[in-house]
Every structure is written in C-alpha cells, then in structure tokens.
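What TrEMBL lists as domain 'Pyridoxamine kinase/Phosphomethylpyrimidine kinase' is 119-199. Residues or ranges marked as compositional bias 'Low complexity' by TrEMBL: 199-212. Among the features that TrEMBL reports, region 'Disordered' is placed at 199-241, 331-417. The compositional bias 'Polar residues' annotation in TrEMBL covers 229-241. Residues annotated as compositional bias 'Basic and acidic residues' in TrEMBL: 331-345, 361-371, 390-412.
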Amino acid sequence: MSDGEPPVPDTRVLAVASHVVSGYVGNKIAVFSMQSLGCDVAALNTVQFSNHTGYRQFTGTRVSASEIRDLYKGLKQSYLDDFDMMLSGYVPGAPALEAVGEIAKELKERVKSRGRPGDFFWVLDPVMGDNGSLYVAQDVVPVYKGLVGWADLILPNQFEAELLSEVKIVDMPSLTRAISVLHSRYAIPHIIITSVSLPDSTPSSTAPNSSAPTPPPQEEGEGQSQPPRTKTLSVVGSSMTSTRQPRAFQISFPAIDCYFSGTGDMFSALMLVRMREAVYNTEGDLTGRESWLSDDSVDALDLPLAKAAEKVLGSMHEVLTKTAEGMKGRVERGRRFVEEEERWRAQRQNGNGDVNGNGDGHVDKKPKLESEQTTTNGRANGNGNGTSDAEEKEKEKTGQEERIKEEEAEGKKRLHLMKSKAAELRLVRHLDSLRRPKVEFRARRIECS
C-alpha cells in the first residue's frame, strides 16, 4: 500500500451513534475518522445535540425507535443498505437499541443466507456507563446482553465488561475470567476491553518510541470526572478459538493526566478500519470466514485484532498528546473570547437608556444631584423605610456575599466550559497521526486460567 492509498479496500459502513453540532464525540468523530481512512460512511444519528453533555448544558433531541426504523427503511427502498460493516455506539434507550439490533441482525442474516458470512462485520460498543455508574436506563443492560452474541467485535470498557460478564474485575485473573465468560456464554468472536486500570498492570514489552508530555493539572472547580491517575492504562483483547477459548493479549500505554471526550468513539472507529486492514493483510482468506476468525494455531500476538489494536493505540496516543499540548493556549483564547463577549453584552444593555451609562459601556463619574444625595443619606440613617442602621448593614453584607458567591460560581462555570472546548480532540489538525502514526506499542500475551 502506497502512502496515498487507503489502508482498506472499498468499504461501506453504517455508523449508528450520537451527533453534536460542535465538538468531536459520537458520529462526529467516528465518521470523520473512518472517512479519512478511505471508508464510505452512512451516518444514522441517534441524538442531535448542540454539544456533548460534558459541558453540563446542551440543547437538542433524541431519536425514537420508530424514527430509526423509518430511516433504515428509506435506505433499503433506495438500495442503499449494501453495507460491509456496521459500527454502533450510543443509543438512547432500550426501544431504540432494539431497533438498532434489528438492523444488525438483518444485515448479518442476509450475508449468511447467501453463503458469504464474512461479507458483513458488526463492531458494537455497548455504551452503558463508566467508573461504576450507569448513564443509561437500567432496562438497556438486558437488551445489550441479548445483542452482543450477534456482534463480531465488542468494545466495552472495564465497567461495561463487568455488567455483561457479571464478573467483578479487580485484577488480571478476574479480567481474564470475564473475557472467558464473554466468549463462552455469548460466543462473541472478538473482544477488546478498554480503559483497563488495575493495581498490577504491567507495561508493554516495547515502550513507545516517543514520550508523552504531562500537561498541567486541571484547576480546582473544573468538576469533570477524571480517569484513574495511574502511570499506565491498558486495553486487553482476545479472539476466541473454535472451542470458544480465549487468546488474550494486553497493550499498555502511558496515561495522560487530562480529561478528554470522544476517545471511545475514536477508538471504535479506528478499530473498525484497522481490523479490516489487518484481515486483508493476513495470509489466507479470512474475509470469507464468519467473523474473520483465525485458525486455532494462530498465536494471540499474531491475531489481526492485536495488530489492529497496536496501530490504533499509536494514533490515539499521538492525537491525545497533541491535544493536551495545546490545551493551555486554547483555554486562554476562550477566556479572551468570553471577556470580549461579556463587554459587548454590557455595552448593549447599558446603551443610552441607563441613567449612569454613556453609551459605550462605561459609568459616568459625575457627582449625584442634591436630591439623590438626600435620598441616599436618608437610607443610611434608617429614616426612609424604618430600618435600623445595623439591619441595613447586615442586609447589604448578605447581599454582597451572595453576589460574590454568584460571581464565583459563574467564573467556575465559564472555566469549565472553556476547558471542555479546549479538550475536544484535535484530530482534524493531525491527520498524519491518524493515517501514519509514528508511535508504536506492542502487545504481550496473557495466559488465561
């Protein structure tokens, strides 16, 4: 493959995930990632939000199950459902998730009925929660349990893997046990558990060939949930054998002490492309096999899944590092923008209608009229409304304290919004990291009990 040639053959993908007007999460980053690597992507958006929910304020709507079915019906009636692969991410609610599952099942059953089970591959990110907490309704969990057996590759994080396997992951033995359960119970061909943080995590046998910078710590009051501050994080993957036994590997990488949104969506999209690339570059015709499963004799480190994950993590590490490097400058630019916006709003509010305004947002320093001074003095002496000096002072003190608290809260909110924007992944500025990452990670084999 030459530098200018896409890494995969013609590939048509159905991407089902959320969408934001501004920012890079869900389909906004997944579609761009896959298109940048040569895929033809049809985006079915499950939500339409102004921005991602990490900003703590947003507007928009969620699609219903009937809307999902109707959109797919429209694709079918125009013969636009000729998909080679499908990527599914966040889906709002159990009914909508069931509708997405129906689409995937139909596409899989169609290629099986034609005797070409390898012609369609479903990558499923079972978005349910993180760090021990659900951020979907409880009834979504059993729907995912009913769907994962249809997927070819699932990409749960550590918490989601616990939900699906019903195994509490506390160390490497319990993690490999969870993988074994997922293979044996659901017959899931390929699994990668992301964001693995364990007390006994072991670094990769080969360190990356460029070190990651440590960005400045976030200021207090920022308030976003933080990933575990460990020196390394890992992904753990496995492709099952013909008897549903795991072939597991681990890839560790330096953690960047910074919060990012959309990393899971980018990882899923890149795994879809790099998995297809690795399969096409593997000796023997894996593309004709159901779920692209390798022979049992293939070692864990030689699996297409492991090769794909190594390359994806190289791209991810480079993009996140470059995003973190520029965050301080982007926060400062955001601060200046907010200050200018506030000055402009103040000028418009004051205008000529404000008795103390001079039309340019400044306050006149001219002395008050005698009548104004008399009124002021009257209030200070408690003669105007029957209030004592002490009561009036206490009232003013309370009001001042409340104003200070409001200003502090507003300042923290603005800082949070600026940091949220600064933490948006800078993928569009670093396409070379996406296509030809220089950082390299290597998988190491894991023995499963």
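Quick reminder: no glycine exception, Cβ is built from N, Cα and C everywhere.
Whatever TrEMBL says is automated annotation, not expert-curated.
Per-residue pLDDT, averaged over the domain 'Pyridoxamine kinase/Phosphomethylpyrimidine kinase' (119-199), rounds to 96.
Residues of the compositional bias 'Polar residues' (229-241) grouped by DSSP class, helix first, strand second and coil last, total 0 helix, 8 strand, 5 coil. Here the compositional bias 'Polar residues' (229-241) has Cβ contacts under 8 Å with residues 175-176, 179, 183, 187-198, 201, 203, 247-255, 257, 293-294, 296, 300, 303-306, 309, 313, 443, 446, 448 of the same chain, all six or more residues outside its ends. Sorting the compositional bias 'Basic and acidic residues' (390-412) by DSSP state (H, G, I as helix; E, B as strand; all else coil) yields 23 helix, 0 strand, 0 coil.
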